[in-house]
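The feature domain 'Heme-copper oxidase subunit III family profile' is assigned by TrEMBL to B:4-261. According to TrEMBL, the transmembrane segment annotation covers B:16-34, B:40-58, B:79-102, B:129-147, B:159-177, B:197-220, B:240-260.
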Amino acid sequence: MYYKFNGVTQRLVGAAASAAYNPQGLKPIVATESPALIFGTTTKLASDLPATDSFLGKNKVPDLQKLFQKADGLPVHLKRGVPDKLLYRTTMALTIGGTIYCLVALYMASQPRNQK
Amino acid sequence: MAHQAHSYHMVDPSPWPIFGAAAALLTTSGLIMWFHYNSFQLLLLGTLSMLLVMLQWWRDIVRESTFQGHHTPTVQKGLRYGMVLFITSEAFFFLGFFWAFFHSSLAPTPELGGQWPPTGISPLNPLEVPLLNTAILLASGVTVTWAHHSIMEGNRKQAIHALTTTILLGFYFTALQATEYYEAPFSIADGVYGSTFFIATGFHGLHVIIGSSFLLVCLLRLINFHFTSNHHFGFEAAAWYWHFVDVIWLFLYMTIYWWGS
């Protein structure tokens, strides 16, 4: 008998082996078994394609899962390295620079205009 | 992976909330500068930074869920509550504009000619393009449900087809509304009729665009194998939002377009 945690009733309930070997919410860091197990055997998937059918690209999710679960101490918004850092710095420059510009503009707008 | 004795998600420190707040400041101040001083830079800066923050914040959520596995059933329950509360708040937002419409139209003042539509206003025929738009949104509600069932059954090709059809219907609605706006014999400046009509339908149109964008992101995620047959809350949230947009249109159609003509 296998068990899983039912999030609604907050109790352990009976489950099939596949649910026990693939706990809810947890994904394996590296596929130690065959790739099919990452997705489970009883759950039918949107990605459950025969090997020959490549309708609109192949499944890169397992590789991305490995990449984002690397224990490198990076926060999720910088996990991908250089492209993330560039985007982050651009956003920071625009928002912080913009805030300063905004405060200056609001200060000038609040000065009474003498000509009428 | 996590050494925690609970199923909640303790997120990594993130800069997006504070940057998002700054972006909101820039956008609102930018509106002021545009309205009163005819200057665009701040508004441009504001919308650009808002876009960047939204992209990166939601990108991080996809990373945390699909790639890092943090979205346990407990976390998902919280997200469901969150989406329901958000849509409820949007319903109240529209309620205000419907209130404004009924305030003016149930007892039209002498300044309007004591009638609704007011004297001089030729309203749009509800049985022409507005009726087509109603059919389009109802059909898109069907296709998005079809897409949902396809995802749950693991049928990838059908799910992609159904979701694409939904998005195309959304774009068709937007295009038709845009031509209606262009061709309308009255404008937002035409008294309280113009104001209530264009503010209510205008905000609805904005929500259609937001909903279509949300569905488009879901389509890209669907194509990239992010959804499983029993865990696809991003899609469900988009579908809920889309149904909400559809319901708002039905109310708009029945009250402003039909009763109000």
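Each Cβ is built from the backbone N, Cα and C atoms, and glycine gets one as well.
For the transmembrane segment (B:240-260), the list of distant contacts is 83-84, 87, 90-91, 94, 98, 101-102, 105, 116-117, 123-124, 126, 130-131, 133-134, 137-138, 140-141, 144, 166, 170, 196-197, 200-201, 204, 207-208, 210-211, 214-215: same-chain residues at least six beyond its ends, Cβ to Cβ under 8 Å.
Of the Cβ pairs linking the transmembrane segment (B:197-220) with the transmembrane segment (B:79-102) and spaced 6 or more residues apart, 3 or more are under 8 Å, so the two regions touch.
Same-chain residues lying 6 or more positions outside the transmembrane segment (B:16-34) and placing a CB less than 8 Å from one of its CB atoms are 40-47, 49-50, 52-54, 56-57, 60.
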